[in-house]
Amino acid sequence: MAELTISADDIQSAIEEYVGSFTSDTSREEVGTVVDAGDGIAHVEGLPSVMTQELLEFPGGVLGVALNLDEHSVGAVILGDFEKIEEGQQVKRTGEVLSVPVGDAFLGRVVNPLGQPIDGQGDIETDIRRALEIQAPSVVQRQSVKEPLQTGIKAIDAMTPIGRGQRQLIIGDRKTGKTAVCVDTILNQRQNWESGDEKKQVRCVYVAIGQKGTTIASVRRALEEGGAMDYTTIVAAPASDSAGFKWLAPYTGSAIAQHWMYDGKHVLIVFDDLSKQAEAYRAISLLLRRPPGREAYPGDVFYLHSRLLERCAKLSDELGGGSMTGLPIIETKANDISAYIPTNVISITDGQCFLESDLFNQGVRPAINVGVSVSRVGGAAQIKAMKEVAGSLRLDLSQFRELEAFAAFASDLDATSKAQLDRGARLVELLKQPQYQPMPVEEQVVSIFLGTGGHLDSVPVEDVRRFETELLDHMRASEDKILAGIRDTQKLSDEAAEELEKVINNFKKGFAATGGASVVPDEHVEALDEEELEKESVKVKKPAPEKKAKKEQK
């Protein structure tokens, strides 16, 4: 039997090797316990060092956000499936505040409020992350809004223009075309995107909050068919999602957009709609036992929207000159814009487009109420050509609405009032526009020129849109240099205006109204001058009846 020999050197080297490769698996974690959970909210005890807005990890990898920091417990909003969270489960701190991945890889994708793809097209590969709660640009970091963001909608670009970096509220009752206005605006950016010029290109973010899944799918389909998904990201928090997701979705969209803005690019973000975000935040606050205020909303509901919308800005040239334009949507009830949330958002934004259900039902689409709608940026966000032709449009339409109400009760109207009514009816018809058919700005200028210049006064109201469509088709085919001149110079010179009038007058000669009648106005006969009037007049002296009777008696 072989003798067992033990070498002290071998034992020593083995121990040294083991000690050198030893790593401690112990770690220090702050762990809390779920006290109660339900309706997407959990109260946790035992996390004394937790930060506000810090991410917490629940069993199964479910995340939560610490909102209420009470003396003995933490109130957290659960992001995801909260049905499996029970009393007594352990909760860990992550030491991180909520952030989302950002970057160009998000273009063309549909994501949830955590930045995770939900469109079935694979993972989104990006190394850049951005915190959701981030300070808005300061006054020094901004510059005034001066570049137009064309929506492609005549009524908006002519009367309530939107500039890059502006916040323009779209407000109205349900089913009045609010989403359609925003989708049209996204579709209208396609030409700029295809130009390849980064100064013209506008990336778009559409945030769907509390919408039906079918509605979000139809918006995505419309964007795909219009070739707009190449430069658009959709952040979806449908009605089936928890209140926490609906509350966070706008901040996620804003973080994705801000990344591009600080990179010197231009972004358009649509919040559809902030009424549902406010309702979700109200539900969260009431469940967390926060004191309710007006309409049961918490006291900081104004701050909820102001800190979101203040991120929209036109950055200074030192920071790259990027911009983020916001189109928040608010749903009213019975056209009441004096309710709590509508007045809050009106006071935060730089103007509003009010869509009225009565106008919508009358067939005026987009159903923009000119009297209540306003843009506080105004002419600074318009090209010179549009500013020239649309200067009197708002006043003409406002006077028409007043006269229309008066004419309903009065039978006798003077010629001036009748002329105003006739022109106003044609302007209303001219501003109607089909859904998902945005119009280039140079064609809008020609269209508005037709109305404000009185060139449609001889065209029957029912033929106004056909006249406009056929004239623009004719100009694209044979008079494209006028359109190209407006597009390139962004001005309508006197020579171009005269040439445009000639084209319109020549086109009128070949245009026939529905009944076959000509739309060329009758030749205007000028009144005689005073000198000619004296030459033509014949003076006849007749004696007075009394004197004539006395002569007969004599």
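Here the Cβ of each residue, glycine as well, is placed from N, Cα and C on the backbone.
Feature list (source: Swiss-Prot):
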BINDING   GLY172, ASP173, ARG174, LYS175, THR176, GLY177, LYS178, THR179  ATP binding site
SITE      SER373  site 'Required for activity'
REGION    528-554  region 'Disordered'
COMPBIAS  535-554  compositional bias 'Basic and acidic residues'
Cα distance (Å, whole number) from SER373 (site 'Required for activity') to GLY177 (ATP binding site): 15
Where GLY172 (ATP binding site) sits in the secondary structure, as DSSP reduces it to three classes: strand
Cα distance (Å, whole number) from SER373 (site 'Required for activity') to ASP173 (ATP binding site): 14
Lowest local Cβ density among GLY172, GLY177, which the record lists as binding-site residues, within 10 Å: GLY177
Among ARG174, LYS175, LYS178, THR179, SER373, the most crowded of the recorded positions [Cβ within 10 Å]: LYS178
Secondary-structure category, per DSSP, in which GLY177 (ATP binding site) falls: coil
Closest of GLY172, LYS175, LYS178 to SER373 (site 'Required for activity'), Cα positions, binding-site residues only: GLY172
Tertiary neighbours of THR176 (ATP binding site) (same chain, Cβ under 8 Å, six or more apart): LEU355, GLU356, SER357, PHE360, ALA367
